[in-house]
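What TrEMBL records for B:C142 is active site, nucleophile. Annotated NAD(+) binding site per TrEMBL: B:T13, B:I14, B:G112, B:R170, B:Q303, in sequence order. The D-glyceraldehyde 3-phosphate binding site feature in TrEMBL is assigned to B:S141, B:C142, B:N143, B:H196, B:G197. For B:4-142, the entry in TrEMBL reads domain 'Glyceraldehyde 3-phosphate dehydrogenase NAD(P) binding'.
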Number of protein chains: 2
Amino acid sequence: MPKVRVGLVGYGTIGKRVVEAVNKQPDMQVVGVVKTKPDFFAQILLSKGFELYAASRESFESMSKAGLEVKGVLEELLTKCDVVVDCTPEGTGAKNKPLYERARVKAIFQGGEKRDVAEASFVAEVNYQEALDKTFVRVVSCNTTGLSRTLGRLNAEFEIKKVRATIIRRGADPVETKRGPINALIPNPPHIPSHHGPDVQTVIHDLPIVTSAVIAPTTLMHLHVVNVEFAQKVTKDGVIDALSRSKRIRFVDSSNGFDSTASIIEFARDLGRARGDVPEVVVWRDSLTVMDNELYYMQAVHQESIVVPENVDAIRAVTGLEREAARSISLTNKTLGLE
Amino acid sequence: MPKVRVGLVGYGTIGKRVVEAVNKQPDMQVVGVVKTKPDFFAQILLSKGFELYAASRESFESMSKAGLEVKGVLEELLTKCDVVVDCTPEGTGAKNKPLYERARVKAIFQGGEKRDVAEASFVAEVNYQEALDKTFVRVVSCNTTGLSRTLGRLNAEFEIKKVRATIIRRGADPVETKRGPINALIPNPPHIPSHHGPDVQTVIHDLPIVTSAVIAPTTLMHLHVVNVEFAQKVTKDGVIDALSRSKRIRFVDSSNGFDSTASIIEFARDLGRARGDVPEVVVWRDSLTVMDNELYYMQAVHQESIVVPENVDAIRAVTGLEREAARSISLTNKTLGLE
């Protein structure tokens, strides 16, 4: 079976990780990566052996002038791809969509795009089947992915009456020096519910969920405090069993040194993981508490990498490379070291 | 009626504010302030016209040697007081208690002390009567005070079935350079429920409340995301009415520029409030949402000053200076500019 030919559009926080993840898949081939600016990230991209394409004619000129070897523009890349992963900034994906349609190339969008950019929103362990053979699929945002992973597992095994979650959002990614806050807490959005609840519902349809969100001055990870009210009695062991069935959910214990998001990232760095990434949603086992029909827990989400395995699986789903969710997920996990 | 003679023990974040608040009361007189170290805070204290006492003989020597005018030691101050406000670090209040007992002086402790240090825990608008004529009363911590104020008002007017609150704690006070985190979110405690729920119950007895807490890298204020499930239907207007009856609850609107804890503090600074203090608990009106029988809201707590008016009222309650809560609270509010 020939490898699926994948183009990457955008080489920011998500794009640069997805291209390396795709490159590790035995059934996929990276054809090229589209960038706009001739910055040092473009040099890194070339040094890693990827082919560079320009987002536009102007971009082609400026990158060529900077001495970079540019293979062509986006439209030319599209003629060589079966599918593209669009990792451009919020809203740009929707603007690019007509190009993909014209070129008859399938596309995976990110969670910054509105849900109607795609035929389905996607979290592999929850609704892989929904994305099968679709043309356009949207991998949901980092917070929505984290919530969907744990709530999806719980929803598969128990009857959920209501979810109430507070999302403490990181203010910026480590490299984003123009974003804040440095010293403040920001209700964001200032109204309740936040958009995250409805976004989870694009993946786990009809889940009764209310979310609120506050931005904090940190760059490492988001942190969720989740309350799940069940229509039945559950036990802590039952919950741990349910969550343990996913390799994309990792348990840590505060008593074992995982006392903050910083120690989770340090753990990943010490493990030798590229960039110190943690694509798993990380649940503090000590925080898991069952009281009557209610479960409480805290989890951390590495905003830079949690959606990376989802993008790989989304490629398999839309191209029909693999029709069984479990097999795609297992291959992705193995190649990305999530075991 | 002679003024009640008040001694202050401890001149840290809370102590230095309480002494100035007490000094503004027409029915109270500050006799002296106890400090341990001869630092620049001691000089400020003297420059404000307060009399300085030493926590111990050694402390007396070191402060005298530094050229400070020290009136005597703690035990000597106690002979001149009707009541002391103990604002010493966590645990020190309990150690001081035998001294107060021996001197037959009433004492107000802070929330860092365990509840059993006192006969009653205290939030003026909730349980002033409980503190009347007591010898030892504990003003609860900043987070507990903030929760008790809004939940106390709601509990007085509606039947509460359950409260679930997430507390995003400030990592340090602005002056505390040895505390962190600088860049991490810390489940603190890592288990659920946190101690705040039971602490609220020392004031609002039998309130069904579950709290969780996470520390964030900020120094300005705590932020609470509160969910209240009622045994009855409530309306947003009804909730606003209930909360509006307290001058110690202040509404702000995100749409009006109050988009973070930083803008709340900036508002207080621009108003000309001493130290930029905000002794009110601050509720974001735009966050108030009623869905079925459930209310959600976000509120901010200025950890440095929220308990200041409570300490003033606690003095009136234990000394019997004023037997009616509303009259003490009104006088305190007026003298502290909470209107």
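Backbone N, Cα and C atoms are what each Cβ position is placed from, and that goes for glycine too.
A map of TrEMBL features onto the structure.
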{"residue": "B:T13", "record": "NAD(+) binding site", "DSSP (3 states)": "helix"}
{"residue": "B:G112", "record": "NAD(+) binding site", "DSSP (3 states)": "coil"}
{"residue": "B:S141", "record": "D-glyceraldehyde 3-phosphate binding site", "DSSP (3 states)": "coil"}
{"residue": "B:R170", "record": "NAD(+) binding site", "DSSP (3 states)": "strand"}
{"residue": "B:H196", "record": "D-glyceraldehyde 3-phosphate binding site", "DSSP (3 states)": "helix"}
{"residue": "B:Q303", "record": "NAD(+) binding site", "DSSP (3 states)": "coil"}
Listed in sequence order, residues with CB under 8 A of B:G197 (D-glyceraldehyde 3-phosphate binding site) and six or more positions away: B:V163, B:A165, B:I209, B:V210, B:T211
Cα separation, B:R170 (NAD(+) binding site) to B:N143 (D-glyceraldehyde 3-phosphate binding site) (Å, whole number): 10
Among B:I14, B:R170, B:Q303, which are recorded as binding-site residues, the nearest neighbour of B:S141 (D-glyceraldehyde 3-phosphate binding site) by Cα: B:Q303
Neighbour tally for B:H196 (D-glyceraldehyde 3-phosphate binding site), based on other Cβ positions within 10 Å of its Cβ: 25
Largest separation between Cα atoms (Å) of residues that the record links to D-glyceraldehyde 3-phosphate, namely B:S141, B:C142, B:N143, B:H196, B:G197: 13
B:S141, B:C142, B:N143, B:H196, B:G197 excluded, remaining Cβ within 8 Å of their centroid (D-glyceraldehyde 3-phosphate): B:G111, B:V140, B:T144, B:T145, B:G146, B:L147, B:I167, B:S194, B:H195, B:D199, B:V200, B:T211, B:A213
Long-range Cβ environment of B:R170 (NAD(+) binding site), under 8 Å and at least 6 residues apart: B:I215, B:A216, B:T218, B:T219, B:L220, B:M221, B:H222, B:Q303
Between B:I14 (NAD(+) binding site) and B:H196 (D-glyceraldehyde 3-phosphate binding site), the C-alpha gap once rounded to whole angstrom: 19
Listed in sequence order, residues with CB under 8 A of B:T13 (NAD(+) binding site) and six or more positions away: B:D173, B:V175, B:Q303, B:E304
